Each structure stands twice: as structure tokens, then as C-alpha cells.
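K.L.:
First, the structure itself, so that you have it in front of you.
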Amino acid sequence: MQQGTLMRKVKSKSWKKQRYFKLQDDCMTIWYQSKRTGKIESAFSISDVETVREGHQSEVLQSLAEEFPPERCFTIVFYGRRGNLDLIAGSAEEAQCWVQGLRQLIDPRSFPLTSPLVSCTWIRDWFQKADKNKDGRMNFKEVQNLLKMMNVDMNEDHALRLFQAADKSESGSLEGEEFVLFYKALTQREEVLSLFQDFSEDGKKLTLLELVDFLRQEQLEDEGTEELAMELIDKYEPSESARARHVLSADGFLMYLCSPEGSIFNPRHQALWQDMSQPLCHYFISSSHNTYLIEDQIRGQSSIEGYIRALKRGCRCLEVDCWDGPNGEPMVYHGHTFTSKIPFREVVSTLEKYAFKVGYPSLGAGGVLGDSKSQGGEGHHKVSTSLCPTLQELKHKILLKGKKIGRLEDTLNGPGDEAPDVSDDDNGAEAEEERRRAKVSGLSWGLAMSTDPALQKDKESLAQALSDCVIYCKSVSFRGFQEARSHSRPSEISSLAESKARKLIRDAGNEFVRHNACQLTRIYPSGMRTDSSNYNPQEMWNAGCQIVALNFQTAGTEMDLCDGLFSQNGRCGYVLKPPFMRDEETFFNPSDSSSWEGPGPITLTIQVISGQQLPKVANSKDGAIIDPLVRVEIHGVPADQAHQETKYIENNGFNPHWDETLQFQLRVPELALVRFVVEDYDKTSRNDFVGQFTLAFANIKPGYRHIHLLSKDGTSIPPSSLFVHIRITE
């Protein structure tokens, strides 16, 4: 239809409005307008869309399942905190047209970051923003407005020279290819061209041998370098004739440096690269707190979106707080608060769809349910008879964390007569926290879940069937390290509030590390964090705590560290702890690493060279241009904690140049995370956040590298990046 496709926009079971939806000619923007008034209500960019889900995959569409078939329903999911858009098409064919079309447009494999098509899209996007009168041309005044939009404060004479050089028709305006010429002149990377010419004899191309020299000397590639050079030429050289001659042009060189192979993140570590055959307690496990909440802890909304977002982010330990609901149906919500409620069956259905995208187990509280569809005793024949199974053995399992009658041996070998252990995990508020929880954790490489009875406290209230589901994550109270050494089993887990964990680290750091070498420990936020804020997870990882539960809905440094640690190893949600944290006789103490006899300090040297197309600060004034600076933070053991920053560059967010060198000494690099932060300097108030990127030190690739920045919500913001030179020496 000329005016677009007529579909129902749905906000609730009773709120269903018909709207016209249309993809604009630029294939980058979708607007929708009211059928009744014809007024355009809103528009969004394809770049804002994270994914498209078919069928009844939201609470709203599930509530309409009897009224509208799943073939006509779909949900558009946006990055960050923007709410989803639930739609009902007029027919299954129309729904498929939109679903498949949107998926094609948002698929990064269709338009990789280094693709010329992406550059063309950005160029077209900037042109349309700056062409105020929509005549398909751009005069010099519009060019000046464009520069402000692009975060550039350029001398007017220089801008005019670029404009006139691109105006080949001498018409006083730019159109089509002329604007492309202007854009390319504007985005010329002098620092990359200078590096290119350092290794190019004629300054125009890199021969195969010259590229090999660059890869060996600067990028420290020491294996299969000639083969790698050939691959890079074939992959990134845009000229067919240059590829045939096995040479790399300056454009191809830049495309390589902006590619995954030119990223600071070692591409080999993005895939599954660690040993997955160790016991569960030997891994850090991506874990969430009150997963169902997407807002605060008191009045916030409960939603299956919390589970979907956490699982897609690589989370393997989820929480499901179950309470009696109407007509005997269990409901999930934060007990004794005003949070909204969701049916337990919807949570289980969501876990079935999303828990095993990566294959390893999901954790929460307790036993193993067999494969992703098995429950209770039916799955037990698939469970290892070992008291300490490996992660590989638990693959595609769901583990339940909870109270248990008897011991694991009784479950594996037959019922026993031991009295149920339903003692509190701790005292006071911590005990109450654990009593009323039902946690679901998953190992996709397993998924884990907790199943502590929420309201019943006496010993007879623990059902045998529920107890039998609890196998490898039996909840036990923590009564000290000596008690744990004497009586604890590898199949048991203790939960500690953040304050108690800090005290143990401070008073008995080495004992805590030894304890976590053979025992699972879960840390959860203080009950005072009603705003869903987070504690620092790094200090808990420093002690070897595996399950460090965070509020995934709250953006900030803490979630940046979590995403940074678990962005490796195929994003499976499991990261193998360093060898000295898997040794029950280790002498390592995170509070006193000066006495740690490790391999010796390592020096990390970072030359911050330049930035490219940094985004504007949210809600900034029209025409405002940022004054960017770069801060590099080291998060690790207390002795390694440090940060340094560059000077700020006035009025240039488009292509700022710093050329500053920062240096750090790392005593325990195995535990270090490195966070790059770009801020807009403000001399009268706190600096504003612009972008960040965090990764484990072990995943850093030395050499000339690009750092592709992420937003506060952890989503990519192409083409914003930093260009750095990294050196690591002992």
C-alpha cells in the first residue's frame, strides 16, 4: 500500500490501535501513523532494532493468544531500555514479509562493519540529516550545520576549501558523488596513512612482504604470517586488480585495521577457547539477581523480558522467586513488595526457548532436570554419578539450587534416612533473603535454578519430589571455613550477602580463595539496594567466588565489568579461573598480592592515538560539540587498581587526536579487566559519559588496534571507535 501496511499496535489486552507502518526509501527508517488522524506518531531507525521475535513472545501477545494466531504476531525488540513494539499483522503473509525484511536489514552479516555498503549508509544518513530543505543538494550553510551534527568544530576557511574541492560542477552545492568526495575528504585518517607509508616503499601500496613485516613487527603475529597476510588482502582489499597482484592499498589497510582482525579483542578468544572439562566450581559464572525485574526492587515491573535479555547477554545463573498465586498457580515476583507479577509457566516457557542457545548448563538452585525438557527423576538417568561433575558432563542440563532432604549420594544411589537439611543459609536479613527465593540458574553449558520453598519454614514442608530435583547445588548455611573443610561436599553451595563476602575477603582472603577452589559460593546484592544498583563484582571474582549475582537491568561500570569478563569464550557464560584459584593449597590472597609469588609484574603500555566519530552526549543542546578525553581503568586486585587519562580535546568529537601514552604495572594480570572510557570534559560539573569498552587483560591483542565503543547499555555505537597502540612487556 502507498501509505504503508495496516497493523495493530498493541500495548495491553484492551489497547489495540490500528496504525500504518512503512519502511522509508532509505531502507533505514520506519515510521507509523494513526489510521484515524493520519498523523505520524513516531519513527525509529533500523539501527535501533536488536531483533524480531515471531509469535506470542511477549506478555501482551501471550494474553491475546486466543484472539490472534501466532502466525500474525511479532515483536520488535530495541536496544537498551526502550520498550518493545508488539504488532499484529492483517495476515500471516504480511507478518512474514515484515519479519523477514527486518531481519535482513538488521543482520550484521549482511552489512559488516568494514563493508563499503555501511559507509554508503552512513554517508546517506548524514546527507539526509543535513539536507534541511530536502532538495537533494547541500549548500555551504547546510554543510556547516552538518559539521556541528558530526561533532566537528572546523575552521570556516578550511571547511570552505573542502566544500569547493568537492564541488566539481561549480554549482555552489553538493549532490550525489560530490557529497561522497566531501565526506571522504572529511574522514581522511592521516594517522593511519602515515603508518601505512612507514611500511610502504612507494607510499601507495603494501606488497605481500611489506604487509608481513608490518604484521610481525607491529601486530606481533608470529605464526602463519604469510598465510594471514594473503587472507587479509583477499578479505579487505577493495580493488580486484590489487587483490590479483597480492598487494594492499591504503583503503584496504584501513579496512583491515577497522575489522575484527584489527580489533583490540583477540578474535581467537571470541570463540570457545578454554578447557570446558573442569568441575563447575573452577569457573566464573555469569549470574543475575532477581532476573524477572526490569526496574527497581520495590515497585518495578516483572517481565519475561528480564530473562530473555539476561540469557541473550550470556547469563547462566537466573533467579525465579515463586509464590502462591490465584487458583493455585505459582506466580513470579519480588515477595513482600509492590512489583508486578508474571505466571511461573511463562517463565518456564521462556527458558525452554532461550536457555540453551549456547549449550552449556544453566544454574539457579539445586538439582539437574536432565535435558532441557526433562524434569525430576526422569532426567536422573542422564546425570553423572560423580559428586563433582565437569562442566562438559553437565552440558544441556538445568541445575536447581535449593534445600535438600539427605545427601547427593542418597539421590544417586537410592533414598536415605538422613533428616532434611533446611537450615538457614545465614542469619537475619540474609536468611530471609534465601528462604523466600527460588532461583533458576542455567548452564547452557547448563542452566542453574534455585528452588528454595518460599513461605514454608518447618522441616516437614519440604516435598520429597522437589528435594529430589536438587542435586549439584544443595543450599547449605556457611558457618566458617573450618566447618566447610570438615563437612562440605562439592555438590553444596552457600549464599552470602555482599557485606559478608567483603568481610571474609578482608579477614581471611586466602582461606576464601581455597574454599572457592572446591566449593560453589553465590554472592547477592544488599537488601538496601532497592534502586537495583550494583556492587563491584571484581572484588568477589578476586576471591574466586563463582556466582556473583548482579542486577542486569542497571547500566554502569559494574555491568560493563561483567560484560567485559564474559564477552570471551564464545559468550557461553563460563570463564575458567586462573590455575592458582583452582588449587586448594594456593597461597594467593587478593588482599595482599604483594606477597604473591606469581610470574612477576607485567607492564601494559597504551598509546591513545585518536578517536573517530564519537557520539554526542545524550540530551545535549543543539550545536553542542564534545570535548573528549579518554580514561583507561584497571580493575583487578587492590594492588593493580589504577586509572589514567588523557588531556581533553576542545570541540572535536569527530576525529580527535591525543597521541598520549599511558602505562600500568600489573602484579596479577590473570584477574585484571581493562576499561576504556570516553567522556565529555566539563570544567564546572561532572564529565558526561560518551562511550566505553571493557575486556579482560588476557584477551588483549597487542599492536595497532581499534576499540569499537559501546553505549551505556552495552550496545555498539558504530562507527565510533578509538585507535590505540598496545605493548605488553614483562
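Keep in mind that glycine also has a Cβ here, set from the backbone N, Cα and C atoms.
Caution: TrEMBL annotation is automatic and unverified by curators.
So TrEMBL says this about it:
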COMPBIAS  418-432  compositional bias 'Acidic residues'
DOMAIN    1-107  domain 'PH'
DOMAIN    118-153  domain 'EF-hand'
DOMAIN    154-189  domain 'EF-hand'
DOMAIN    466-582  domain 'PI-PLC Y-box'
DOMAIN    582-711  domain 'C2'
REGION    409-438  region 'Disordered'
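Help me understand the surroundings of these features in the structure.
P.N.:
Counting same-chain residues at least six beyond the ends of the domain 'EF-hand' (154-189), those with a Cβ under 8 angstroms from any Cβ of the stretch are 123, 126-127, 136-140, 143-144, 147, 254, 610, 612-613, 654-655.
Taking the domain 'C2' (582-711) as a whole, pLDDT averages 93 in the prediction.
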K.L.:
If you run through the domain 'EF-hand' (154-189) with DSSP, how many residues end up as helix, strand and coil?
P.N.:
21 helix, 1 strand, 14 coil
